[in-house]
Amino acid sequence: MDYKVVFATLEKVCQDNISVFCGPSRLPHGTAVERLVTCVKQIQEHGRALEPIVTSFTAVYHHYDFDAQTPGNGYRTLVKVLEACLLHIIHKARYIASSYSNPFFRVDHNTSEMEAYCSALCQLRALLHLAQQLINDNDCGQLYSLQDEDLSRSFVQEYSSMHKACFYGRCLGFQYSPSIRPFLQTVVISMVSYGETYGKQQSGFGTAALSLLTSGKYVIDPELRGAEFERITQNLDMQFWKSFWNLTESGLLSGFNRIASKQVQVNFTMTVPPVTLRLPLASDPRLSVTVSPPIAHWGPGPVHMRLISYELREGQDSEELLVLSRTKPPPISTHLPWVQKQPRSPWLLIHFHGGGFVAQTSKSHENYLRSWSKELNVPVLSVDYSLSPEAPFPRALEECFYAYCWALNNCHLLGSTAERVCLAGDSAGGNLCITVSMKAISTGIRIPDGIMAAYPATLLTTDASPSRLLTLIDPLLPLGVLTKCINAYAGIDYQTVQPAMGSSTLSTLSRDTAMLLSDLTQGASNWIQSFLDPRRTSGRSLSRSSSQRQTETHKMSNQASVPNSGAQLCYPQGFEPLRSECLAMVDPTSCPVIKNPFVSPLLAPNSMLKGLPPVHIVASALDALLDDSVMFAKKLRDMGQPVSLTVAKDLPHGFLSLPQLSKETDVAAEVCIARIREVFEQEHPPHDLVEET
C-alpha cells in the first residue's frame, strides 16, 4: 500500500471534520463536539509526525526479512498495525463527516470511538519511535539487542510503563482479520470476568450469578474492560494464568471440541514408567547409548502421553500398549469387531503442545491433532510434559526427550515403523521440538527427519525487538504474561511441588468453573450482538463514562513518571506517550538459565545446531514472537542448515488453536500440514534404509 496516500487521506478527512464542526452553523451537540474537534486535531498532529517515520521504515525494513520471497519482521508489522489503525480512523471520520446531520447520529458514542483510536495512535507513535531507536542501535539485519542488556532493559521498562487499556477496549483487535475479532473480544471479556471472581470460591449458584453480573458490565463498558484487562495482565500471579488457560480443558469446552473435531478410532492417554532406555548410536548402530528417565527437581517419574490415530493400526490394540493406558475403559473403537485394522504406517508424528511452558495439555490441542492424523494418515503421539513453575527447566525437556526415545524404541506399539519421524509443536512446543533435536545430536542417537515449529519461542529472554513491542497491544501475549512464563520456566521463585501420580493439570479446577465459563460465553455472545446492533446500547450513558476516563487517561501522561532506567530513551520535543497508572511488575531476569542453549536455542553456538534436520517454521506476522522465528531461520540459513520460513498474515499468536474462525486460520493450518508432509515425503532415503558407512 502507498502510505503517502493513507496519510494524505487522513489529513483530508481530519480537515473535513474540523471544517464541519467548526463551521458557521451552530451544531446542537455541546461539549461532545468540542471533544471531537480536539481529538481530530490531535490525530492530525500524530499523522503529520508519523509520516516521515513510516517513510524511513519502508526504505530499510526489507533488510530485516528472511529473504525477498518471505517479507516479514517486526518493523514491517509495526507499520502494518499503524496502517490498520489509520484506516479505522479514516473510516470513522468519513462516517462522522457524512452522518453528523442525521437525527439518529450519536455524537457521544462516535466521539468516544475517535478518542479511543486517538489514544491508540498516540501509543503506536511512541512504539514507532522506540523501534526507530532500535534500528539506530542495532546492526543492519539484527532484530535483537543481544549484546546490550542495559539497552534491552531500558526498552522493556519503558514500554511496560505505557498506557495499554485503550488497546483492549473499543480498539480491541483492530489489527487482526475481522473474522477473528469476535473471538478475541470473547477471550478478553472472559478473562476480565474470571479475574474479578478469581479466588472468590463460592457455591455454584453464587459463582454463576456473580460472574454473569461481572461479564455484563464489561460487555457494555469497553473502557472499564480495557482498564481491568490492563490490571489483570500486569499484576495477577502465574496461578491465575494457569487456571484461566486450562479452562480450555474443562468439560464444557472439551465437549464442544470433540463435537467439532474429526472423529478418530484411537485416542487415549497413557503413562510410560521411568525405566532406562537403550538406543543405537546414529554413527554406528552396532553400538548403543543409555537414556535415563527424567530426574530433574524430584527424581525419576513417569511421562504422560496421548496417542491419536484416525485409523486403528497394528500394535495400537496390543496388551503391551493398553496396559499403559490412563483411559478407563480403553477406547471402545479398538475393540469393535467391524473396525478394520490397518498395517503400520511408515510415518510417526511426535507433538509437543504450547501453553507458555505453564499451562494446557494435549487435550487442549486435540482438535487440530485429530485433523493432522486424518489429513496425513499418520499416528500422532502428543507428550503431556510437566509444567512450570512446579516443574521448571529442564524437567519438560527431559520428559520430551525421553518420550522421543521411547517412541523410537516402541514405534511398533504406536502403529508405525518410524521410517520417517517428524517433530511438531507450537510456541513453547516449537521450542521443545528444536531443543529435543539438539539433545538427540549431543547424545548421538537418531535425529528426527524434520521439524515443523509453529510460532516457536527461540529466545526466552526479555531482549527488545520490534515485534516484542507488540506485547503492548497483544491480547493473547501481553508483556506481563510473557515475562511470567519466562520466569516460571527459568525456575525463578521456584518451589518444589511433586505432582501426584497420574494427576491432571485440571485437578484444581472445580465444577463451578464450567458454570462460570458458560456465563461468560453467554455474556460475550450478548456483547457481540450489541456490537452488531449498536442501537441496543445506551450511547449517551456509555459515552459519558468514556469521556471521564478519556480525560483521566490523558492526565496520565503528565502525572506518571517514567522509570529512571528508561531515561535514555527520548521522544521528540512536545510528545510523550500516555502512561499507565497500573505499572506492570516486569522484572527482566539476569538468571543465567534463560541463556542456556537448551532454553534459548537462538543463543546456541553453531556447533550445537549443526546437524539439525530440516526445520520448517510457520510464524504469524502479528505475533510478538515473530522476530524469534525470523532470526532463528536466518541463523540456520547462514550456517547452511536446511530451513524454511512461512509468515502468515493477519493472524495472532496461537492460530493453530483457532480453527475454522476465518479463511486465514484455515490457510495457515494447511501450511503447517503441508510442511509436515514435506518431512514425510522428502527425497532422502528413510532412516532404516540408509546404508552404514
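In case you wondered, yes, glycine gets a Cβ from its N, Cα and C as well.
Nobody curates TrEMBL annotations by hand; they come from automatic prediction.
So that you can see what the record holds, here are the features copied from TrEMBL:
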- 7-317: domain 'Hormone-sensitive lipase N-terminal' (DOMAIN)
- 349-503: domain 'Alpha/beta hydrolase fold-3' (DOMAIN)
- S427: active site (ACT_SITE)
- 536-563: region 'Disordered' (REGION)
- 539-549: compositional bias 'Low complexity' (COMPBIAS)
- 595-656: domain 'Alpha/beta hydrolase fold-3' (DOMAIN)
Mean per-residue pLDDT computed across the domain 'Hormone-sensitive lipase N-terminal' (7-317): 87
Packing count at the residue listed as 'active site' (other Cβ atoms within 10 Å of its Cβ): 28
Secondary structure content of the domain 'Alpha/beta hydrolase fold-3' (595-656), with strand meaning DSSP E or B: 24 helix, 12 strand, 26 coil
